[in-house]
Amino acid sequence: MIWQVLEGLSRDSAKRLRFVPGVVYVDEGAACGQSPEDRAKTLAEMKLILQTVGFPWHIVALEEVFGLPPSVLRHLAQEPSGTKGAYKAAVDSFLQQQHAPAPGEEQLSQPGSQDPQGPAGLPTAAQTEAQAPTAAQTEALSRLFDSVKTLTAKEELLQTLRTHLILHVARTHGYSKVMTGDSCTRLAIKLMTSLALGRGAFLAWDTGFSDERHGDVVVVRPMRDHTLKEVAFYNRLFAVPSVFTPAIDTKAPEKASIHRLMEAFMLRLQAQFPSTVSTVYRTSEKLVKAPRDGNSGGPPGPRCLLCMCALDIDTADSATAFGAQTSHLSQMQPPTPPAEAPTTPCCSAGVGRAQGCCRGAGPCRREDPRASVIEQLCYGCRVNMKDLPSLDPLPPYILTEAQLRSQRASVLQEIQEYLIDSDDEVQTGES
Amino acid sequence: MPAPQCASCHKGRAALRRPRSGQALCGTCFCAAFEAEVLHTVVAGRLLPPGAVVAVGASGGKDSTVLAHVLRELAPRLGISLRLVAVDEGIGGYRDAALAAVRRQAARWELPLTVVAYADLFGGWTMDAVARSTAGSGRSRSCCTFCGVLRRRALEEGARLVGATHVVTGHNADDMAETVLMNFLRGDAGRLARGGGLGSPGEGGALPRCRPLQLASQKEVVLYAHFRRLDYFSEECVYAPEAFRGHARHLLKLLEAARPSAVLDLVHSAERLALAPAARPPPAGACSRCGALASRALCQACALLDGLDRGRPRLAIGQGRRGRDEVGPATGTSQEREQVQPPAREAVPAVPTF
């Protein structure tokens with residue numbers, strides 16, 4: 001994709017792309033269990049390639065999630081300020097690298113765009129390279145990933161953290177769009193995987209062309225029309241250099257995680273029915289970003305803490321209510337005291353702790369921080385969290401944001417009766 | 001090593017672990033929990049109002065057996081009365097044995113049983129005849145497409161015969177999950193938009209249908225049948241290996257091994273799919289030939305039968321609409337159709353085209 005962008009920006013292409021690109025590479029070696037020497041070697045290879053590309057680059061290590069601010073999890077509505085400043089910096093760095101100053105001719109200070117890549121794709125370089133991560137952070141990261149029980153949850157957690165990190169880099173450097181290199185095949189696999197993980201409500205955001213969940217920074221997927229085979233041929237024909245880094249699921253057995261299973265299944269089915277991937281892709285184009293019942297006219301509900309989609313836990317739906325109810329009926333003593341007051345008529349016998357986003361009494365909630373975090377997550381993230389026995393190894397920004405939100409919710413509950421019922425006021429009060 | 005104690009009554013020895021939660025329960029407590037969950041599904045969704053006459057689609061297999069048994073236990077509490085309806089598709093060597101099982105069950109439970117046969121309803125077309133007609137085209141036979149559509153019609157006819165107000169079928173959570181996967185893999189946006197709820201409320205002239213076992217996983221259904229010592233017929237249909245659903249089923253087994261809650265997650269996803277309005281099926285009308293619920297001029301059953309009668313069995317399958325609107329041989333009303341000798345073909349093109 002970076003090569004395509006390079007061509008698109010070059011002087012002699014027919015339709016010139018008009019934006020200021022930068023490249024981001026996230027070094028995930030610690031999560032994958034790589035040794036420091038391997039990571040250094042990979043980084044050196046990456047830098048080599050990135051320098052030939054010539055865009056401003058940023059290398060960040062995944063350990064930096066431990067230093068992220070909680071604002072990453074908030075939905076910011078405005079454009080990131082300081083685009084002009086970043087533009088100038090970009091121009092300066094361009095001149096420093098003595099490449100053709102393409103941005104100099106375009107008087108646009110608007111959308112800068114940034115191309116982050118996954119671990120096995122084209123690498124990116126960091127101009128403003130952060131200092132090497134400290135050993136403590138690396139250890140904290142490996143502890144976090146070791147505490148996750150299943151590979152599925154590990155992969156999901158990795159994706160979440162990576163998204164947040166890239167988002168943060170984009171915001172600090174003033175980029176307003178993030179382009180990812182997901183191809184058609186990968187998106188079809190991702191669609192089926194999300195379906196199996198319980199994220200059916202958010203498929204349009206996860207696999208659509210543009211994903212504006214985070215407000216100011218939009219994630220776009222320009223490569224979604226190209227199949228993996230086409231990409232491979234392109235890379236080969238045009239001698240696009242690439243670096244291979246082992247990912248978190250390299251050499252894992254096929255049945256180890258849902259992602260692997262789905263990938264193997266889709267590729268096998270594709271061999272038998274050659275239209276499988278394109279059929280699934282076409283179905284994904286028919287998905288819209290609206291709640292199913294069409295109550296999109298009302299104010300947006302609370303958002304999931306981790307994936308920032310509107311929460312899809314409904315008190316009236318059948319599957320989640322049933323899941324909670326079976327765990328309640330079968331247990332005489334629920335393991336944690338139910339911290340929420342029952343508000344749902346259908347579960348008349350009381351509510352399990354995964355039920356709804358109801359507001360409990362303040363003191364009860366603080367005794368059970370895990371429940372308060374869990375109730376701010378969407379269904380898919382909740383299922384992932386089940387594989388995480390303790391929430392402590394999570395990066396602090398997640399925990400502080402969770403606590404902030406639950407405090408705000410309880411405060412709002414207390415003053416609810418005094419508020420004049422205007423939707424605007426309520427919305428600015430919540431994060 | 002002594003077996004653990006039952007987690008809910010703390011008295012008996014635990015005899016099983018629930019697949020979904022891993023909890024140890026004794027036999028009676030598990031059955032009670034299962035029945036309570038089904039009751040909750042029915043009551044919460046207001047699926048079967050009191051006074052309903054419920055036609056249970058009984059095939060002799062484990063799902064419909066368990067369904068009939070549980071509903072029979074819950075009938076006094078729900079205030080409903082049950083009728084068994086069995087469908088004879090005319091698959092030799094398979095359906096006869098299954099029907100024998102259904103008759104035994106009806107006798108044991110003292111429930112009225114009605115058997116409707118494809119041969120009577122659909123002008124002599126049994127599934128074996130359909131299979132012969134669709135064979136040899138080089139592609140898969142898609143027998144299951146025919147069977148599914150025709151069976152739904154047959155069930156509806158049977159329900160009307162016994163004067164039922166609701167139809168229930170024994171689809172479990174695994175079936176729903178497989179359906180979602182299959183529809184996605186085949187790109188069937190119309191079915192994706194239609195499915196996912198707890199059952200259709202019955203538009204047009206169709207009876208309301210529901211699936212009370214929809215949230216129970218297949219393993220639990222089997223366990224329930226084991227503990228209640230129910231007698232059912234457990235072989236696979238002879239045409240099943242050709243179905244596309246087999247791929248979805250295989251995938252589901254793998255997913256369940258990787259993550260036990262995968263089935264429920266899929267059902268949750270399915271309920272929340274948001275499809276574009278253009279992909280949704282058109283509003284329901286009535287079939288011009290038989291008057292049943294249809295979204296086009298002909299209901300799917302009539303369209304399929306039309307194709308079979310004309311010697312072009314794939315006419316109504318898939319997206320192609322070529323030739324569908326041509327006027328076929330006069331088939332008349334269903335009474336006349338019974339008198340037509342199957343499979344009658346007069347002056348049709350020699351080679352089925354598609």
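Using N, Cα and C of the backbone, Cβ positions are placed for all residues, glycine too.
These come from TrEMBL:
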type: DOMAIN; residues: B:54-249; note: domain 'tRNA(Ile)-lysidine/2-thiocytidine synthase N-terminal'
type: BINDING; residues: B:Gly57, B:Ala58, B:Ser59, B:Asp63, B:Val87, B:Gly170, B:Asp175; note: ATP binding site
type: DOMAIN; residues: B:285-315; note: domain 'Cytoplasmic tRNA 2-thiolation protein 1 C-terminal'
type: REGION; residues: B:315-354; note: region 'Disordered'
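Note on B:Ser59 (ATP binding site): other Cβ atoms within 10 Å of its Cβ, all shown chains, come to 23. All protein chains considered, the CB of B:Gly170 (ATP binding site) has 25 other CB atoms within 10 Å. Ranking the binding-site residues B:Asp63, B:Asp175 by other CB atoms within 10 A of the CB puts B:Asp175 at the bottom. Mean pLDDT, taken over the domain 'Cytoplasmic tRNA 2-thiolation protein 1 C-terminal' (B:285-315), works out to 73 on the 0 to 100 scale. A coil conformation is recorded for B:Ser59 (ATP binding site) in the three-state DSSP classification, outside any helix or strand. Helix first, then strand, then coil: DSSP counts for the domain 'Cytoplasmic tRNA 2-thiolation protein 1 C-terminal' (B:285-315) stand at 13 helix, 4 strand, 14 coil.
Remark: B:Ala58 (ATP binding site) has B:Ser64, B:Thr65, B:Ala68, B:Leu84, B:Val85, B:Ala86, B:Val102, B:Gln105, B:Ala106, B:Leu113 as non-local neighbours, by Cβ distance under 8 Å and separation of at least 6 in sequence. According to its DSSP assignment, B:Val87 (ATP binding site) is in a strand. The Cβ of B:Val87 (ATP binding site) lies under 8 Å from the Cβ of B:Gly57, B:Ser59, B:Val115, B:Val116, B:Ala117, B:Tyr118, B:Arg151, B:Ala154, B:Leu155, B:Gly158, each of which sits 6+ residues away along the same chain. Those residues noted as binding ATP (B:Gly57, B:Ala58, B:Ser59, B:Asp63, B:Val87, B:Gly170, B:Asp175) have their most widely separated CA atoms at a distance of 19 Å.
In the three-state DSSP classification, B:Gly170 (ATP binding site) falls within coil.
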